[in-house]
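Here is what TrEMBL says about this protein:
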- CYS277: active site, nucleophile (ACT_SITE)
- CYS147, ALA148, ALA149, PRO150, GLY151, GLY152, LYS153, ASP171, ASP227: S-adenosyl-L-methionine binding site (BINDING)
- 46-362: domain 'SAM-dependent MTase RsmB/NOP-type' (DOMAIN)
Amino acid sequence: MTSLFSRVVRAVKQLSSEVVVGAQCGSAVLRGAHVFTPGIIASPKYMKTGDVVSVFSDLEGKCTRGATSFQGKTAFVGNGVSEVERSSIFCSDKPAKGVGIRMVEPLYWSPSFDGVLPNLAFLQNLPSVVVGHVLGPRPGERILDMCAAPGGKTCHIAAIMGDQGEVVALDRIRNKIDRIRQNAQMLHLRSVKVYCFNSTQAVSSDPALQTEGPPFPPESFDRVLLDAPCSGLGQRPNMACTWSLKEICSYQPLQRNLFHAAVRLLKKGGVLVYSTCTVTLAENEEQVAWALKTFPCLTLQPQEPHIGGEGMPGAGLAPEQLRLLQRFSPELTWDQTQTTAPLHCRADKDTIGFFIAKFLKN
């Protein structure tokens, strides 16, 4: 919902009393959150409950925890009212928790949807919603979500199917699996089955082996969503990126291993959707070009809806192939914030960075 709500920018006066929070906390504030106590790194020496303070995000992670001031590189995110005293943050024997600063004048007015209609609605960024519709699940089908946590796309797929059929959700991290289950239960979805499993190993070496959970025999699924682990460079707001070039480049081999499993698990005539929340050519268009060359059974398909921009040149794909891809750009100019153009006319320029490719297995 970044596209709808975080574009209201206000002139907020900075105060002399300053609190410094971590970059992750600062990003959450820009999305509409209050400052939770664990996110506070520095505060005024005599800060008391009820004090009005300006909140700054530490962009380089150089602020010392417990400091009373900081002269490093920061970004102003708004003003709030302290809910705690300084001593309860840094001098208490018990771990600090709960809201530390209640934001009353955030720089970006982005309403919080925490706890709003929890059994009926699940908040997602626009491209994440588009992915489910591009996959096109139908009632009665068996769908695989290979990298499912936290489960937003899994639940959306089940909802599109009318909760009729089976949506298998895999993730290799156990505490993330619990989150998928919680979200499915909260939305009363019975068709979702969740397993803690490494999707690169999800194809059974014994095709005759029939089990309910993974690994699965080849050609077990009507549609597969590979929302792959990626460098995440399309996420916004993003206060800081501490990843090295080596870390960013490490995702392409993993994505290709997942691709191998996805193609084997997909039935002939089935649909595979590949998506990422990053903007690099290597993780997006280059992966599409590699997949088309590696798997002759795959062909690119038109996407519906197609409200993003087309693919980026440079990976050897033909112009007509680039038009079948969908790329959402996180860049935003001030002029674009002032436009009155309908959402669908600016959707590829006012959201998180995202990429979608749709394949048919012939």
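Positions of Cβ are set from backbone N, Cα and C atoms, glycine also.
TrEMBL annotations: computationally assigned, not manually curated.
TrEMBL feature annotations superimposed on the structure.
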residue : record                               : Cβ contacts under 8 Å, 6 or more apart
CYS147  : S-adenosyl-L-methionine binding site : LEU170, ASP171, SER199, LEU226, ASP227, ALA228, PRO229, LEU258
ALA149  : S-adenosyl-L-methionine binding site : ASP171, ILE173, LYS176, ILE177, ARG179, ILE180
GLY151  : S-adenosyl-L-methionine binding site : ALA169, ARG179, ILE180, ARG181, GLN182, ASN183, ALA184, VAL192, VAL194
LYS153  : S-adenosyl-L-methionine binding site : GLN124, SER128, VAL131, GLY132, ASP145, LEU225, ASP227
CYS277  : active site, nucleophile             : PRO127, CYS230, GLY232, GLY234, GLN235, ILE352, GLY353, PHE354, PHE355
For S-adenosyl-L-methionine, what surrounds CYS147, ALA148, ALA149, PRO150, GLY151, GLY152, LYS153, ASP171, ASP227 with a Cβ no more than 8 Å from their Cβ centroid?
ASP145, THR154, ALA169, LYS176, ILE180
Inside 10 Å of the Cβ of ASP227 (S-adenosyl-L-methionine binding site), count up the other Cβ atoms and send me the figure.
24
If you average pLDDT over the domain 'SAM-dependent MTase RsmB/NOP-type' (46-362), what do you get?
91
